[in-house]
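These notes are about the structure you will find just below.
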């Protein structure tokens, strides 16, 4: 052992005392922290026990209430089923009574109309229409309906092109607008975010009402002539028909409709002044004028030139009419009430004279209380595309020969 060893031992002994003191304080600190944690843990256990007891008490109180609510729900469901059955039975009885006591048809037999000299630009008036196809069907009944979705405002139009080779859906929202939505197929239209996937076609002039028509790749619509704002309940001016090419997005033709003092043809659809329609025979227009403000007029149009080929004064009243469509040369007018009830075809006019009054069926639409802003007939599908307060609906039609008895 060298001479420096005692000095090293003395040095280590001098440091051992303070280190032992520090260890003692550290142990005391750890004991205090553990005691605090144990106290908090005990508090948490007490709170958990108290909360568990409160939850048990709440559950015991709620179980009887839930049993009572379940019994009341079952009672309400039973009552609703009973009421639904009674309503169905009443509707069947009403339908039976209506078939036993049908409303008087408004079909005009063409032996009563007489021909007159033609007027240039207006076409022949009240002459029997010569069918260009062998279409001889009439509506037997409106069999079913399917509500597709709700899109847009209370008034609008949706349709397919009856002559088109695609399944495109055209949607024209509103009564004074200039943009149409085009969907590739019906499935795309029914999607939740359908508007994002639709292409938009903007026309150079805003349309008037819900009388537009897509036919043969063209959009036909009515507009107010420039410089003639019109307005009010009656239009002092006539309307201009526009033929718009949907693919090229250009106006290819236009023509002033040969009728002055136009008024809405439908008493329940005040924004439409000319309602364009298409069937197996071609292009038609439904309108009314102040000259006879009680009844509808029908015109046959040339889809190429927009010329009016023939015109008829129909016996179908404007009052309570809401929409119309044409099938095989026969005009069918749909009537309703305000507030809305079940719509019904209550007037027909066969321009060819084939459908006689006693053979005209006047069916109700399926059980739905609404108001049709527009109806478009598709000859290929034998379906109606309807706009009902923002809902897009498809009606399937059952047909029969015009010569068959009802």
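In case you wondered, yes, glycine gets a Cβ from its N, Cα and C as well.
If you look up Swiss-Prot, you'll see 1-21 marked as signal peptide, on the strength of sequence analysis. Per Swiss-Prot, coiled coil is recorded for 25-101. The domain 'Olfactomedin-like' feature in Swiss-Prot is assigned to 134-401; the stated evidence is sequence analysis. Summarising the annotation, Swiss-Prot assigns disulfide bond to 135-328 and lists sequence analysis as the type of evidence. The feature N-linked glycosylation site is assigned by Swiss-Prot to 177, 248, with sequence analysis given as support.
With all protein chains in the displayed structure included, the most crowded Cβ environment within 10 Å among the glycosylation sites 177, 248 is that of 177.
Annotation for the disulfide-bonded residues 135, 328: lowest Cβ count within 10 Å of the residue's own Cβ, 135.
Between the CA atoms of residue 135 (disulfide bond) and residue 248 (N-linked glycosylation site) there is a gap of 32 Å.
In the three-state DSSP scheme, residue 248 (N-linked glycosylation site) is classed as coil. For the pair residue 248 (N-linked glycosylation site) and residue 177 (N-linked glycosylation site), the Cα-Cα distance reads 20 Å.
The two recorded residues, residue 177 (N-linked glycosylation site) and residue 328 (disulfide bond), show a Cα separation of 31 Å. Taken residue by residue with DSSP, residue 328 (disulfide bond) is part of neither helix nor strand, so it is coil. When averaged over the domain 'Olfactomedin-like' (134-401), pLDDT in the model lands at 91.
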